[in-house]
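These come from TrEMBL:
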| type | residues | note |
| --- | --- | --- |
| DOMAIN | A:69-257 | domain 'ABC transmembrane type-1' |
| TRANSMEM | A:12-38 | transmembrane segment |
| TRANSMEM | A:75-95 | transmembrane segment |
| TRANSMEM | A:107-128 | transmembrane segment |
| TRANSMEM | A:140-160 | transmembrane segment |
| TRANSMEM | A:192-215 | transmembrane segment |
| TRANSMEM | A:235-260 | transmembrane segment |
Amino acid sequence: MLLDFDRLGWWRWALGGFTAAVAAFLLLPIVFIAALSFGSSQWLIFPPPSWTTRWYSELFADQRWLDAALNSLKIGLVVTVLSVVIGLAASFALVRGRFRGRETLKALFLTPMILPVVVLAVALYAFFLRLGINGTMTGFVIAHLLVALPFSILALTTALEGFDKSIEDAAILCGASPFEAKMRVTLPGISAGLFSAAIFSFLTSWDEVVLAIFMASPTLQTLPVRIWSTLRQDLTPVVASVSTLLVLVTIVLMLLVALIRKGLSKP
Amino acid sequence: MTVPFLKIDGIRKEYGPVVAVEDVNLTIERGELVTFLGPSGSGKSTTLYILAGFEKPTLGDIRLNGQTLLSTPSHQRNIGMVFQRYTLFPHLSVGDNIAFPLKVRRKSKADVTERVREMLKLVRLEGYEDRKPAMMSGGQQQRVALARALAYDPPILLMDEPLSALDKKLRDELQHEIRRIHHETDVTILYVTHDQEEALRLSDRIAVFSKGRIDQVGTGPELYADPATRFVAEFVGDSDFLSCRVTHSQGGRANVVLGGDFAVEGVPLHDERGTPGEGALLLRPERIDLSRSEPTGWRGLPVRVDDVTFLGSNVHVIAQTGWGETVSVRLPFGHEHISGLSRGDEAWLRFDPNEAHVFV
Ligand SMILES: Nc1ncnc2c1ncn2[C@@H]1O[C@H](COP(=O)(O)OP(=O)(O)O)[C@@H](O)[C@H]1O
Ligand SMILES: [Mg+2]
């Protein structure tokens with residue numbers, strides 16, 4: 001190979017140092033937030049003068065935070081289910097279908113991924129005002145579904161492309177109806193893709209803030225919206241503790257994806 | 001007249017402008033093992049997929065015991081199939097794979113257990129019940145696939161090049177197994193392959209496919225001894241072709257001339273509607289005799305030896321005619337004229353015109 005790592009000489013150390021710097025740049029803010037959430041200082045002083053779990057107690061005592069978290073969870077779960085079901089149907093059509101414009105349609109399905117979210121948010125805001133679903137659960141779900149679907153479709157088309165259709169055909173000749181064959185053979189066969197689609201859909205909704213700000217009403221807020229609006233009023237370490245918990249949920253879910261992928265690819 | 005077991009009747013399949021299968025007709029008896037032999041792209045799989053119900057023919061009908069199969073969806077046809085690729089259900093154990101068609105048919109638990117055991121015994125994989133497919137070799141996976149396809153006693157078993165991904169030794173072993181299982185179960189098998197040796201070894205009858213059509217159907221010896229087309233002659237057994245001119249033909253026989261002056265009389269003639277008068281003379285390398293000295297009593301075709309290869313039980317001689325065509329000859333080891341035969345030697349060839357064929 002042209003760039004053989006073992007023969008780079010002192011460049012190896014330079015590359016190693018650079019990698020460490022990039023990793024630090026990406027990870028240190030998260031470490032700081034976690035540290036600050038346990039710091040005793042009201043003003044988020046670093047390093048913290050002493051340690052406390054006070055902000056976590058305050059967080060869990062505040063009904064508004066709990067409501068926001070519950071809203072995020074509800075919206076996230078509904079979006080997950082819809083995103084996987086719709087994504088699965090779309091993926092079957094995109095992978096198995098033989099029709100003109102298939103590639104174009106696939107690109108179209110993925111556009112919300114590259115479209116600036118603000119543009120989407122403004123458009124949806126105007127549209128939902130007419131429909132009168134601004135600030136409702138339905139509005140939130142539809143908005144988040146739009147940005148979650150591309151991830152779901154990407155994960156599921158990849159999984160379906162990697163699943164030999166002959167296996168489904170074999171199930172059909174064994175006597176299973178085409179629907180039964182899909183339920184009993186194809187879906188279990190692409191379970192790793194289904195899990196990825198579900199978790200990425202959930203995380204997309206769970207972390208989403210731009211659309212949520214446009215959709216939110218005083219009575220219906222998600223966790224990221226509440227963090228954002230709290231930050232605008234006062235800089236309390238409670239925000240650091242929420243953020244830390246959010247990061248934790250994300251890490252756990254990502255680990256789950258990695259574990260499931262590993263477990264399913266090597267049974 | 002009795003109704004044939006399985007009748008493939010005038011099947012044609014078009015994919016847009018591509019004609020994949022054209023006017024395929026074949027009648028199959030119960031319990032037969034028939035192979036579809038032909039090069040890649042000749043329409044074998046398409047024909048099999050039409051039987052399985054995954055493709056609809058553009059024209060024609062498939063009849064099982066006189067009843068059309070085309071109106072029955074795949075999952076109700078009760079046909080077994082082993083595919084070219086490995087198609088075991090990856091999330092199920094070997095036992096559950098074989099049990100799948102039985103569970104779909106709502107068989108009782110005791111029946112399923114009993115049948116799975118029987119099937120594992122049939123394919124000689126007792127004790128592998130709890131393995132996952134990923135833990136099995138390719139040959140073992142195809143055995144399980146065979147067990148799964150036979151578990152529900154289908155009247156017809158389709159096999160689409162099931163051994164093509166395996167190495168030669170394993171392939172020989174599994175061909176043997178398939179023959180044994182065919183004898184033990186009496187299932188009717190339609191077997192697709194592009195390997196003539198496999199077809200000859202397995203089949204009761206062979207249907208030779210070429211460009212979407214069946215050129216000829218017959219037993220191996222029939223195809224070998226009396227090929228209907230030049231293509232069949234080339235595809236089944238080894239062959240030599242020499243260009244020739246037809247000087248006279250009558251009653252299915254022809255007199256021909258090779259290289260301007262070597263006349264051969266009374267050769268079986270096959271009319272393929274080529275250029276009138278221009279033909280190809282088919283000889284089988286192992287049916288040609290060779291002499292080192294100008295023979296007396298018969299007229300030999302004079303050649304010059306180009307190459308001699310020792311191949312164990314026989315010796316392969318490549319020779320050239322006076323006008324530059326190549327003939328390969330296969331002589332048994334120990335043939336009186338072999339010892340010392342080498343490149344550049346003169347020799348004379350002899351063959352029986354009754355065993356030769358002319359294609360025009
Ligand atoms: N789904 C399809 N779409 C278009 N052409 C096809 C399709 N399936 C097969 N063909 C064409 O039909 C011909 C026969 O194919 P096939 O039956 O697979 O041949 P074989 O199995 O003998 O190799 C080939 O020319 C192939 O390209
Ligand atoms: Mg094929």
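Yeah, the Cβs are placed from backbone N, Cα and C, and that goes for glycine too.
In this chain, the transmembrane segment (A:140-160) lies out of contact with the transmembrane segment (A:235-260); the count of Cβ pairs under 8 Å, excluding pairs fewer than 6 apart in sequence, is fewer than 3. For the transmembrane segment (A:192-215), the residues of the chain that approach it from at least six positions outside its boundaries are 72-73, 75-77, 79-80, 83-84, 87-88, 117-118, 120-122, 124-125, 128, 134-135, 139-140, 143-144, 147-149, 151-152, 155-156, 158-160, 221-225, 227-228, 246, 249-250, 253-254, 256-257, 260-261, 264-265, judged by C-beta separation under 8 angstroms. Beyond the transmembrane segment (A:140-160), the same-chain residues lying 6 or more positions past its ends with a Cβ under 8 Å from any Cβ of the stretch are 71, 75-76, 78-80, 82-84, 86-88, 90-92, 94-96, 106, 109-113, 117, 120-121, 124, 128, 133, 186, 190, 192-194, 196-198, 200-202, 204-205, 208, 211-212, 214-215, 220, 222.
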